[in-house]
Amino acid sequence: MDSVVFEDVAVNFTQEEWALLGPSQKKLYRDVMQETFVNLASIGENWEEKNIEDHKNQGRKLRSHMVERLCERKEGSQFGETISQTPNPKPNKKTFTRVKPYECSVCGKDYMCHSSLNRHMRSHTEHRSYEYHKYGEKSYECKECGKRFSFRSSFRIHERTHTGEKPYKCKQCGKAFSWPSSFQIHERTHTGEKPYECKECGKAFIYHTTFRGHMRMHTGEKPYKCKECGKTFSHPSSFRNHERTHSGEKPYECKQCGKAFRYYQTFQIHERTHTGEKPYQCKQCGKALSCPTSFRSHERIHTGEKPYKCKKCGKAFSFPSSFRKHERIHTGEKPYDCKECGKAFISLPSYRRHMIMHTGNGPYKCKECGKAFDCPSSFQIHERTHTGEKPYECKQCGKAFSCSSSFRMHERTHTGEKPHECKQCGKAFSCSSSVRIHERTHTGEKPYECKQCGKAFSCSSSFRMHERIHTGEKPYECKQCGKAFSFSSSFRMHERTHTGEKPYECKQCGKAFSCSSSFRMHERTHTGEKPYECKQCGKAFSCSSSIRIHERTHTGEKPYECKQCGKAFSCSSSVRMHERTHTGVKPYECKQCDKAFSCSRSFRIHERTHTGEKPYACQQCGKAFKCSRSFRIHERVHSGE
């Protein structure tokens, strides 16, 4: 007959169950365990042959060590393998429900008290004395997988992972469990009991592990660190799940369809698509859901809870998906890119709606070009691109617009309204997209990267325009002369060469400009402002295009390549001038003598031979020059350089 050990008859609790016991219940547990130990120790000793008092002293020391070891393990350790049949303690009840903790090691029969076990033991012919296991010894080995256990109770429960035995069945829903602790925790999903309450925020939890993980949100503790990428986690399950992103492991396979999953929770939810099980039922409206996250999100419809708060603007959301979508308004992130036209979108529904235009599967189809729309308002706005209708007219200047949003933005140019303010520098903007793009000048964020050359952009429109450098696409064509342009701004400026329109007038000197950027640059000649500073050498520029061209002197970047000979240039104007050496085009013609030039700068210098203008004057001797190059050469006469 196998020996009977103290661990075989001890009543064990999980760490969660032990935490629920009150001080009086813990004291009762210690007293019962000590009495059990005395009774068990008396089986294998001949009291008549030894000094009784010595034995009592020895037994007292040993039982104290054993009971303290059990209690310490419950108070301090991370419980792993010791899970056995236990009472279901409630925090406010002082009763202690007894189970049958005394099991015969020969035949497995259970008894309520030790004396009954003693009487039963005599029915077996062989009898061995009590044997004390050394601390840490694991004498129970699983024949299936070789795993070893210190306690018979843990070993029996482990065997169920192989046999599939689930002796604990829920009366409410019929679900069965291998472990009593799992069964007790499951019962709480029906009763709604949440015994673990956070003292910081009052939130309550069904599971102790979830409660511990939640507490780390307040403390900021993240004890689990990934060796691969250094990412830290507050919860061990999150850490284990993360490790699988590196290993690619998907240990949970569906027996129905063969699909494998990285996470057990995802696997469980997937299984319900086959079984139709929906264990999470709303008490308010009776709706049942298969997924706990969907259930929690649904509950918020009734409670109005909005736990996801935006740090930028304070707006709160009930659902994490809505919150993530909102965050993109601030960051400008548009993860859904159309491969057809390059347009990017914040949300998947917006992207899908846009794709209908290309596929032609929408209910509202344009008869002119075949583009389709799922929204009637979008369809109406699109039709105006063909009809030329512009129903929204500005009362201030008479300018008309096909779209109400464009009209509202235009009105702000007259009212001066700038409702969108940068929190970093206080600069205000009339348009929300403009403030998002501006904020990136502070953060340095450039989310749009060119796959051709690796260049990154803070603004999606700049990115799309840049792509046309590689593709050569020029979608904007002038109806007057047939000239095509890559950029709408260039096209609009070109149109003004035909109309002669110069809407931007300088208040200082009255000079007018056809282009807003030229106007802003001109204003800086009066103010002396040079807002663009090179981080490499500190040189400052009044124009953003000038600093970009200058930066290329440091980086060596030459993005503009001649298609004829392959020569590359840092500046777009340089490549255009160079291309004229191949084509022979000389667009700048002198009205005085009919001489033509390929370069505007050469043309301006030539004009000075007729006008006599010499804008470069030497401060040393007063001599003047019509060309900056001649002026610099002259200066060396004085400097001796």
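Glycine is treated like the rest: Cβ placed from N, Cα and C.
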Which listed span Swiss-Prot calls zinc finger, if the choices are 29-51, 52-74, 420-442: 420-442
DSSP helix/strand/coil residue counts for the zinc finger (336-358): 11 helix, 4 strand, 8 coil
Close approaches to the zinc finger (252-274) from elsewhere in its chain (Cβ under 8 angstroms; 6 or more beyond its ends): 241, 244-245, 290-292
Contact between the zinc finger (224-246) and the zinc finger (336-358) (at least 3 Cβ pairs under 8 Å, separation 6+): no
DSSP helix/strand/coil residue counts for the zinc finger (504-526): 11 helix, 4 strand, 8 coil
